[in-house]
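Since the structure comes first, as structure tokens, the remarks are kept for the end.
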């Protein structure tokens, strides 16, 4: 479905939903999306005609500005804190902190793998804005714990708990994005919210702390304390300002809440349902698209964790230079994701943009394999280009994922499986860096070359699956309309999965 088709469908859906159901039973309220219940309550009000009247572009833009300034900004900082907290350990090592860094850096991923589903279902059952706030708050507490760790056991416990609280951030952000923004608006905002500026924050902060003369607290402990404070502040802001869904946004008027809900009708992904539906879990498990999304990019991307520090160190730079040279990697990653997200929206060919961005990573990997380390400029340039890896991940692993999965429980199941793939990639990828193969690391480079080639193949297979599914849905829609023309609740508010909803179309 093109962007123009989506916009047209939104307007048509808005007209159809003006006569929102006025007699929803409690059983139906549990089955349907929260939007159906909210619109039913609005339709029963004396001022229903005014609240449900078609909106103007100016009204919609005012709503969108509020969403961008509050929801997007809060999630930007929440994910920034998550990314920063995870990588602080490597920065602390430059300030004299010594432990088994490789193992300690891996421990959070075990916490994520073990608790991502428990956390995700908590997000579904309870107000998501407040649960995100609580989790971000505890990022900070765990970061404080890192500052106070006196041995490896204490550090390992803090790192594991850090993974527990950070593990569901991807799923939570995806749920929020899918309920607040149109499909055409999601790619760029996804790139903004999942920034890679943690490298910039770490680089600048670690460089600044090198001018601090250690007193009562050492540099590496102060590093954790500063970032812990920031996480706690962001968590408190999330708790009070990040709503559970558009109907609970206290900073929106009732009219704006109606617009915020109805403007996303064309997504066909719904808003939110608080009840776990096990049939949607089963559907997620048997859907081939789930597994194509989960494995397509994660193994080659996981290897990049080791690339930056290992290659930069092999080029003979000082500690201060190493910390500063970490900054461009975050900038390149984020800027590339913003550019390709805009390009995907403008061309309406997100998978083609994904393949092009993967080809850039593939070319950079070949450069790293062939350029001798004696060529510092060429090696650094190849390394920085390789950090465009975040662009295909944002388009394929996040924005397409959020746009192409419907049904609250199925969303959580698919997002969780995809995040498992991300965690496994980050555990397996660094293992390909064999110390005896320094400084070229041929095994790691070969793994990444194979991984990116396979990624292109998997992306093509995903596109074929989406195309064939959309063709089938055209027939399903005609049959559905012939037998369900008297339905009083639009399909987008029934908490249907992408397979169950005949009006759903996959983006590819």
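Don't overthink the numbers, they just go from 1 along the chain as shown.
Each Cβ is built from the backbone N, Cα and C atoms, and glycine gets one as well.
Record features (TrEMBL):
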type: TRANSMEM; residues: 107-123; note: transmembrane segment
type: TRANSMEM; residues: 160-181; note: transmembrane segment
type: TRANSMEM; residues: 187-209; note: transmembrane segment
type: TRANSMEM; residues: 221-242; note: transmembrane segment
type: TRANSMEM; residues: 322-344; note: transmembrane segment
type: TRANSMEM; residues: 351-368; note: transmembrane segment
type: TRANSMEM; residues: 380-405; note: transmembrane segment
type: TRANSMEM; residues: 412-434; note: transmembrane segment
type: TRANSMEM; residues: 440-464; note: transmembrane segment
Surrounding residues of the transmembrane segment (221-242) on its own chain - C-beta under 8 Å, 6+ positions past either end: 70-71, 74-75, 77-78, 81, 84-85, 88, 91-92, 95, 128-130, 132-141, 143-144, 146-148, 176, 205-206, 209, 212, 251
Cβ-Cβ under 8 Å with the transmembrane segment (380-405): same-chain residues at least 6 beyond its ends: 170, 174, 177-178, 183, 186-187, 190-191, 194, 196, 267, 269, 284, 289, 293, 296-298, 300-301, 304, 307-308, 311-312, 315, 325, 328-330, 332-334, 336-337, 339-341, 344, 350-351, 353-354, 357-358, 360-361, 363-365, 367-368, 371, 411, 414-415, 418, 422, 455, 459, 462, 466, 497-498, 506-508
Intrachain neighbours beyond the transmembrane segment (351-368), with Cβ under 8 angstroms and 6 or more residues off its ends: 297, 300, 307, 311, 336, 340, 343-344, 378-379, 381-383, 385-386, 388-389, 391-392, 395-396, 400, 445, 448-449, 452-453, 455-456, 459-460, 462-463, 466, 508
Closest-packing stretch to the transmembrane segment (187-209), where packing means Cβ pairs under 8 Å, from 107-123, 160-181, 322-344, 412-434: 322-344
